[in-house]
């Protein structure tokens, strides 16, 4: 019998270590150190938030530095063990043991402080010359609660009027995305006051408050964060070329690196006045870090200004074999090398370059008018014209409008909050056209959350029929249910929290139409999901293929004779699309392909009868769908 309580993993990641550590835990899950479910933790870990830690020898680190150090050490431990942790039968024990070998964490008197005992860390080398973490004690200004500080938790920091607020917010947001596992589109974008979620986080990270963000600042934050993420590989190439040596670049602390990336992006891609950029970013580095960091930023950015004005920015030559060409193109167009090699294989070099150019361009957004609530596209156009938001009508779908700018205006006008319209790409809307929902249909939407396709299908049922939305993520499913109520289609939508593979085996439900919008790599939506390219690995493709096959087999059990199974992805990769359908038909000869040209324009239909949207050819997000009819 366990003497220590089992605490849900969600409680531990969100309540114990705080939001910043969530990405760290997700990383541990991905390498197999822990699994979702329950984690055995001692009761003294029940801290509400982790803001500050103390490393061996009293070196102070803010939380994001602690995360960076832990991730590096845990990865090193993962590769030192003799047997793969992914195959371990006892993840909880492995995780606790590995944590104890790395560091020993214990609660202190202050609920905002953890200490790391050097005596219980990994044994030192025999020569007693073990390397210790770098000394950051000089930059105590970036912590909100230093050891021994009498400041109470949550005390408002002093307002700093010297620092550019949009650069400070951008730097911290970039750290949250890269190190903390946050997503750019989920972070709070209001930027009003120290009580605001993100502005409060900025205050705690930097140790001072900035001015509230004006609307112009909000737009700049969105532009800088999105652009810096997209061009990260190229920006790092430039920074490395101007550093004293590679070790200088590799050893940069995260905040300093983000400040440099912002400065490089503003000068190289946004063509902002260079000396203003240098001055503002140097000031941020000096105040948020230390004077020496500001001097480094000053020297590197001034070098950049000189080489940019002389049109001599370093760029690799695209020459040699395919591997060498892919590496050069990956730097020039800022994509992972494995993606570039894959696209060169399937598309050819020229098309691969066009695709990467699309991924790096400013994304447009499509708005779908909620006709189910009596709000037509004409009504939406009237609202956009009233708020002076440029738009163009969709050439493919009657309820859709495209905009490139003005999304903040749409949000602030409350059009989304009132359920009058939704943000949904036309490529996803065309998948619903392939489903062809009609009044009276019984539809199962597998992997339904967050529910964009569910709601669009429900709006076409005219209150007659039923949609069962299934998803394994209970939180996202709850949001779907609330949104269905907001859009006034909850009378035809029911939600079920379940793993499709388990649900299909235990239920004898047979439906007219089953939509499987399967988990995929998302390689078709890299223009809008700027961070996704850096979070995907080649190994993910292999794992996803197995999952997609399992989900297809499960979904097929829910289709009645004469019914239709629609398999869809937001990927452009053949292994996730055509090859999965071909493999499924070999396992299930009772299904056959129903060509999609009856449901979508013919220029979206492949020679095999599948729906496929391609960013280069159609100027839409990449998507795929196949209609498979059950004959017996």
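Just so it is clear, glycine is given a Cβ too, placed from its N, Cα and C backbone atoms.
Caution: TrEMBL annotation is automatic and unverified by curators.
The region 'Disordered' annotation in TrEMBL covers 118-158.
Positions annotated as compositional bias 'Polar residues' by TrEMBL: 138-158.
TrEMBL lists 355-631 with the feature domain 'SAM-dependent MTase RsmB/NOP-type'.
Around residue 453 (S-adenosyl-L-methionine binding site), a 10 Å sphere centred on its CB holds 24 further CB atoms from the protein chains shown. If you look up TrEMBL, you'll see 447, 448, 449, 450, 451, 452, 453, 471, 499, 517 marked as S-adenosyl-L-methionine binding site.
What TrEMBL records for 570 is active site, nucleophile. The Cβ of residue 570 (active site, nucleophile) has 25 neighbouring Cβ atoms from other residues within 10 Å, across all protein chains displayed. The DSSP secondary structure for residue 570 (active site, nucleophile) is coil.
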Protein Cβ atoms within 10 Å of residue 449 (S-adenosyl-L-methionine binding site), excluding its own: 24
Surrounding CB atoms that lie within 10 Å of the CB of residue 499 (S-adenosyl-L-methionine binding site), all protein chains: 13
For residue 499 (S-adenosyl-L-methionine binding site): DSSP state (helix, strand, coil): coil
Distance in Å spanning the most remote Cα pair of 447, 448, 449, 450, 451, 452, 453, 471, 499, 517, given for S-adenosyl-L-methionine: 20
In three-state DSSP terms, the structure that residue 449 (S-adenosyl-L-methionine binding site) belongs to: coil
Cβ-Cβ distance under 8 Å to residue 447 (S-adenosyl-L-methionine binding site), same chain, at least six residues away: 470, 471, 472, 500, 516, 517, 518, 519, 551
Which same-chain residues, if any, lie at least 6 apart from residue 451 (S-adenosyl-L-methionine binding site) yet have Cβ under 8 Å of it: 469, 479, 480, 483, 484
Predicted model, mean pLDDT over the domain 'SAM-dependent MTase RsmB/NOP-type' (355-631): 95
